[in-house]
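K.L.:
Quick one: the structure is below, and I'll ask about it shortly.
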Amino acid sequence: MGNLKSVGQEPGPPCGLGLGLGFGLCGKQGPASPAPEPSWAPAPATPQAPDHSPAPSSPTLTRPPEGPKFPRVKNWELGSITYDTLCAQSQQDGPCTPRRCLGSLVLPRKLQTRPSQGPPPAEQLLSQARDFINQYYSSIKRSGSQAHEERLQEVEAEVASTGTYHLRESELVFGAKQAWRNAPRCVGRIQWGKLQVFDARDCSSAQEMFTYICNHIKYATNRGNLRLSAITVFPQRTPGRGDFRIWNTQLVRYAGYRQQDGSVRGDPANVEITELCIQHGWSPGNGRFDVLPLLLQAPDEAPELFVLPPELVLEVPLEHPTLEWFAALGLRWYALPAVSNMLLEIGGLEFPAAPFSGWYMSTEIGTRNLCDPHRYNILEDVAVCMDLDTRTTSSMWKDKAAVEINLAVLHSFQPPKVTIVDHHAATVSFMKHLENEQKARGGCPADWAWIVPPISGSLTPVFHQEMVNYVLSPAFRYQPDPWKGSAAKGAGITRKKTFKEVANAVKISASLMGTLMAKRVKATILYASETGRAQSYAQQLGRLFRKAFDPRVLCMDEYDVVSLEHEALVLVVTSTFGNGDPPENGESFAAALMEMSGPYNSSPRPEQHRSYKIRFNSVSCSDPLVSSWRRKRKESSNTDSAGALGTLRFCVFGLGSRAYPHFCAFARAVDTRLEELGGERLGQLGQGGELRGQGEGFRGWGEGASRNAASCETFCVGEEAKAAAQDIFSPKRSWKRQRYRLSTQAEGLQLLPGLIHVHRRKMFQATVLSVENLQSSKSTRATILVRLDTAGQEGLQYQPGDHISPHPPPRSSHRPGQGGPRVAPFSERPLMPRTPPPGGPPPSWVRDPRLPPCTLRQALTFFLDITSPPSPRLLRLLSTLAEEPSEQQELETLSQDPRRYEEWKWFRCPTLLEVLEQFPSVALPAPLLLTQLPLLQPRYYSVSSAPSAHPGEVHLTVAVLALDTSRLCSPLHPAEVVKSGGVWGDKGGLTEGVLARAPSFRLPPDPYVPCILVGPGTGIAPFRGFWQERLHDIESKGLQRAAPTLVFGCRCSQLDHLYRDEVQDAQERGVFGRVLTAFSREPDSPKTYVQDILRTELAAEVHRVLCLERGHMFVCGDVTMATSVLQTVPRILATEGGMELDEAGDVIGVLRDQQRYHEDIFGLTLRTQEVTSRIRTQSFSLQERHLRGAVPWAFDPPGPDTPGP
């Protein structure tokens, strides 16, 4: 953005990257035309962007049809012609008249904004307000919506009752960005979308103003790596009250001391403000580069003097790369240009104090500030040192000296890595901005006299570009100096302050800086979850950031994605559902995020038009589309266009299962998409998978996010965030005996309300009707059919293909409290943990809301997970409770050595009880169990019935797996478990459950669309509901439907051929056309899997159904099978359809986009050892990469957040 130049004391047209913001509406023209051409013409139907192809010097104009006349704008270098239609929106006349052009005036009097003597007419204010509100709602694509109409009515009512109105924060941000976008004199507007807006409208005193300004300077300077642009907006002008004003023209300026001989030491442009500072108590030095203090004025009060802390002002000594004597000149300049005396107008509201900053264009320092005769005027001194002949202008000594001074400026800013841009790069970026604006708005206001830099005029592309100058609103406007005329109200000279008073003011400001900054830096934490785990983590994150920010925690479906453009900090915690899809409450957010446009993805390639689900399932670092725009972003600079989310800082944590092919796909996609849209990532993506310590991963990621240098230093709250992270995530905070106590409760546990309380989801109760083993009695394994009676509850109304998450009470052969481990004695009275409130006195105990009142046995049975291996964090807590030193040392080692922990966990798969048996000296107090054990997580199963065939019932197909943890998790004979009903209890028992919709796994509504169903093992579960529904339609309604093909797979026809009789009966009654079964362990037969059946017997049908008949394919089963099928189908399509394999892969993408290739994948399988061994290998690989710094956080959670049959 650059030196947003104010001109109150600087006559002449200063140039550069500044918001010089003049409004001479008839600016200088470019080179003379070789032949007269009309400068005004009827506008074409659609504004045309500049054509950058070479053209003759005198192009032939094709006259558009008659219509409204707009200025024709020509580029004399390229010969391209456009029409500026945006100028029709200008509502203010310029200073020029038919007989005179005032375009070269620096400060046209007509365009200055002076304080009015009374409130503006209500109708005038309403007209401007309506126009702005319309602009805002059009920008967010909500024009004409109910919210738009309600906001207009709200503004009208406020103006009618108070004479003014107030902007919402999002409107203020939009208005400030538009004001910069509309500034005709600024050459750096291509970054207008990245303006960081600090809302200081709650400021009430000059002291608070100074604190906000210090924060602004600290943020914008950023240790030399200057922020793109920032503005702090103080309270608006209010009728009957004085204004907030900053008397200085810029926040950082050098003093100018008038000498007795009339000369000036320092910067002559600042003599007047220097004298005012001295009158208000400043004790000046006498140097050429003394930083001026600030004069700040609150309404109806005298201005107050504030000295900027020296460490806040970054200065750059100037030296030349080849001229060694240049450094001896003692020249220097400050790094941050920040204009502070201009007025911001938005929708008729005026903000007289709105300092804004950017970075310098080199010519602003090297040519204007140092070489102008009315400034430092060093040109001749440098020329003499260069031995140039200054006696004649034909020696070009001025040009030679000016170039070397500019070269010195650019060179000096490079070693300390202070942001600066040369005038060639700046003007090229402005041409790109003109092109962007012509496409987006039909034009761009520009003042040619200010856009063309002060040197290299015709060597820059802007010199050859005609421009149209006009005024749009919102806008930055000039205003009279506050000590002149009527603006000087309350500006009397205050007594001279002592040095001690000034020093105390600086000290107080420094102490308030972080506090006030934290109050105004908002953080938005978004979550999307199916089980509530991501929500729980988001709430923990909210508690962490509450001490340093102003956070709000929202579910994605409660958040308006439009607000992303105005956010400063967003943290996302989300799970991944199904096949890499967003959870249900993240669907709308995902779709809206994909619809937003970014600066690096404007290519019209067909990949851009794919649906968000395809992008989310394919987005990765290896995606060529992602790699392309990421490369462009790395090559971009401050002169390139900003994205829609240019001011956003973000960080993402994902939950999922590493057993799935699209592990954390939604989180990865959100992370990638936010960066693609221009956001700045504050930390690497954190990932938590099903089979590793999710809590540890999240804590590490949360601490990293809060302590991250970019996150904290950006918002000036580093120490507060670090302290908060230590307080929230410290193991010492997690458990202290004195912080917890148990109290007995009169009420007993009601299980259903208790589960709803714990899982924060609506749940329903059902009765177990029967539990039937579907496998042969000779089988060493078991699969059961569970029938549940729902009693017709509305919350359990389902469709075939949906999922349900039951909560059967877990059975264990070793219950706590029955000998063995040292666990606190079980009380059969309901207990409630209590803890002191934050900041409250120790006697003031409050209920811990984690669990409902229940006995310890009930908590361990229904709510807490005692079967998963304890996390390193829990082992660390156990080490503090071990009485035997050797056991304490071993537990500490396991908790701190990731590789030792993984070896121990994967070899033993120990439950909590087995850990206590291994370390018998650990004595567990009951409060620790109730407050520190992880919650028992539900698992989702595909519904195996159709409501039309079994009203009031839900059927589930469940594979029962028993594990011997002392023998590397090998399956054991589960017959005893099945005979006793397994974990489901006996007939008539109660179970609680949650219904989850699966709208993407449903039979097509057209009964004549052909389908292929692929489901080995328990993957047949949802298909049972499909054939029951089809059978009911055939027999009860007489509907004839296309008969799908079923491909089933099992080990042996005599042992585990699930539902064989039902399938055969359904085929005989016309439900299935073909049924094929793959046997992987059939005696005297080769191993055959479902993908082999597809390849050898159904290849032609697969191609015909998917490519020719627009049919559907459904795949349900474990992740290994689903991956194999997904690899097989493209090969079939390539072979049968005569296409390349890449093309066939694209076809699968299209099928998914059209929801014709459906997957229902689950992670836990009967091949437990195979899958877990593979994931274990991945885990160790990730650990090694983490130790090398390649993967910051990649941990797996102990509980699933994805569904499965």
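Any Cβ shown, glycine's included, is placed from N, Cα and C.
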K.L.:
Please identify which of His803, His807, His1057 is recorded by Swiss-Prot as part of the FAD site containing Arg939, Tyr941, Ser942, Thr957, Ala959.
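P.N.:
Matched candidate out of His803, His807, His1057, per Swiss-Prot for FAD with Arg939, Tyr941, Ser942, Thr957, Ala959: His803.
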K.L.:
Cβ neighbours within 10 Å, counted over all protein chains: which one of the binding-site residues Arg368, His803, Arg1081 has the most?
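P.N.:
For the binding-site residues Arg368, His803, Arg1081, the Cβ with the most other Cβ atoms within 10 Å is His803.
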K.L.:
Per DSSP, to which secondary structure element type does Asn369 (L-arginine binding site) belong, with helix, strand and coil as the options?
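P.N.:
Once the DSSP labels are grouped into three classes, Asn369 (L-arginine binding site) ends up as helix.
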K.L.:
On the three-state reduction of DSSP, what should I expect for Arg1081 (NADP(+) binding site)?
P.N.:
coil
K.L.:
Counting every protein chain present, what is the number of Cβ atoms, excluding its own, within 10 Å of the Cβ of Ala449 ((6R)-L-erythro-5,6,7,8-tetrahydrobiopterin binding site)?
P.N.:
22
K.L.:
If you measure from the Cα of Gln1091 (NADP(+) binding site), which of the binding-site residues Cys101, Ala449, Tyr478, Arg939, Tyr941 is the nearest?
P.N.:
Tyr941
K.L.:
DSSP on Thr1018 (NADP(+) binding site), three-state: which is it?
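P.N.:
SS state of Thr1018 (NADP(+) binding site) = helix.
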K.L.:
Using CB atoms and a 10 A radius, I'd like the single residue among the recorded positions Ser104, Ser116, Asn369 with the highest neighbour count.
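P.N.:
Its Cβ has the most other Cβ atoms within 10 Å: Asn369.
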K.L.:
Hey, which of the binding-site residues Thr531, Ser575, Ser942, Ser1080 is the loneliest by Cβ count within 10 Å?
P.N.:
Ser1080
K.L.:
How big is the gap, in Å, between the Cα of Ser116 (phosphoserine) and that of Ser1080 (NADP(+) binding site), rounded to a whole number?
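P.N.:
Rounded to a whole number, the Cα-Cα distance is 88 Å.
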K.L.:
Tyr478 (heme b binding site): which of the binding-site residues Trp450, Ser942, Thr957, Ser1080 is the nearest Cα neighbour?
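P.N.:
Closest by Cα: Trp450.
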